[in-house]
C-alpha cells in the first residue's frame, strides 16, 4: 500500500534572509512521529536547476509514502507532461505560498490555479492550501475583513477565495514550529492519507470480488422459448358480400317497376329497410305515426305505389315460393331510370357520393334533373334526428351503417322469410342476409335442396346459443364470445358453414385468452388444452392446432403434470418433447449448478 503526495509552491518569500529555512514538507517528515525511514533525492530538468525533490518514507508502520516537493511553478510552463503525470498520480495535493510574497501569490492565482484545475480534470483529489508565515506589518492578521496589509501581504480572504475555486482545505501556518507542523498541518494531512488508504482498500476489495466472480461457476443461461406461429386476421368483406347480393339477384323479394311495367329492378326488403326509414314505411315495418318527419311520408306517397299480390306479373328471380314478392311502382320515370345506380350506391355500404352524382349526370345529361334525383335520394336515406347519409357520407358512422342497421333485424320476425328450428326453439332469419354472407347457405337456399322450398329449416350439431352467435356475425360482421369454450363451439359452427373469417376470429380470441392467462391460473384451470387441440385438428383449424402444440411445449412443466398430457398422440408427444421449454439440457445444467452451490455452502460450514 502507498500514498502519493505532490506539493507545489515556495513557502519562503523573496526577501527572506534565512535561505536555509527548512521546507514545509521536510519539516513535517522530520518531526512527525508517524514517519520513518526517510529517503530523499533531487530531480532536475536541466543541470543545476532542481525541478522537484522526491521523498520516500514509511507512514503508519508499513505504508509507503512518496512525496514530490516542487518548489517552483515553472514545471507547468517547462514540462506540462511531467506536471500532469504528477497530479494524475497524486492522492493528496499541497499548494503552499508565503503570505509576504504578494507577487508570487498573484502569479499563482492568475496563471497556475487554472492549470491545476485543468490537470485535475474533475478528479476528486483532496487539495490542501497552506498560507505560511507571519505577516510583517505587525500583528499577524487572521481577520478576513482586515485590509491594513493588503498592499504588501496576502490576506486571509484572498487565500480562502483560491481554496473555494479548487474545493480545497485552507490552512494558515504562522510558523513552522511543532504546533503548526504536527498538530495543525500534520493532522489534516494524516486525515486525508487515511481517507485515501480506505478508498484504495475498498476499490481493491471490489476488484478482487469481481475477479472471484469471474472465476466462479455461473448459473446456466435460460434461453427464450421458441416463437409461436403468428395468426393473421382476415380482412372484412361485409360490404362486398351485400353488393354481390344485388348483382346476383339471389332471394330478391321486391321488384321495382315503371308505370308502364316495361322493365323490372330487383332488390331486398331487409337491406332497403336497414338504411331507410322511408322503405320501412313502404313495406309496413313502420306506420306513418311512427315517423315524425312529414317530408319522408310525403316522399313515399308521391314517389312509390306498393301493389302486393299481383299474380299477372312474374315473381322476381330467386324468390322462394313461400314468400310473396312485393311489387313497387315508381311514379317518377327519371328517378326510375337512375334506380339501378341508386341501389348500387345503397348496397355498396361505403356510400360513394361523388360516384353516384357522376353516374347520374352521365345518364341524365341534365344538371337540374340530376339535382332533383339527388334530393330525393337524400330524403330516402334521411333518418330523423341523425346524420344525413348523403351529405356526410364519408364519416365512419356511415361506413359502418350496415353493421349497426342490420342488427335491428337480427333474431326478429320482422320481414323474416325463414325460420330455423334448433333444440326445440325457433330462430327467425332473412334469406337475403344468409345467402349474401354464407356460401353454404347460398347453395342450400338456391339449389335442389329441401331447404330451398321450405320456410322451416332444422339445424343439428350446434347449440342454440352458438347458432345465434353465428347468425349475429352474419348480420353485424362482429362477434364477442363469452369464454374460450364458447369460442371453440362458434369455431366449429363456422367450419360447418365454411365461414372462414369467423373461424379466424375465434382462433385469435382463443389464443389471446390463453396468452393472457397467468401460469398459476393455467396450472389450476379445469380447461383441457389437449381437448381444444384435438377439436382444432378435427375441424381443420391447422393454425390453432399448431399454436396449441407450441403452447403446451412452452409450458411443459405445467402440462406435463396434468393427466390430460397422457392423451397426446405419439406424434404430438414427440413434437412437444423436441420443442419443450425449458429444455432437458438446461434442467440438467441447473441441477449441476445447484449441487455445486450446495457443496460450496457445506464446505464453508465445515471450515
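Including glycine, each Cβ sits where the backbone N, Cα and C put it.
Summarising the annotation, TrEMBL assigns domain 'BTB' to 252-355 (among others).
As annotated by TrEMBL, domain 'BTB' applies to 416-477 (among others). Computed over the domain 'BTB' (416-477), the whole-number mean pLDDT of the model equals 92.
Across the domain 'BTB' (416-477), DSSP assigns 32 helix, 13 strand, 17 coil. DSSP labels the residues of the domain 'BTB' (252-355) in these numbers: 43 helix, 17 strand, 44 coil.
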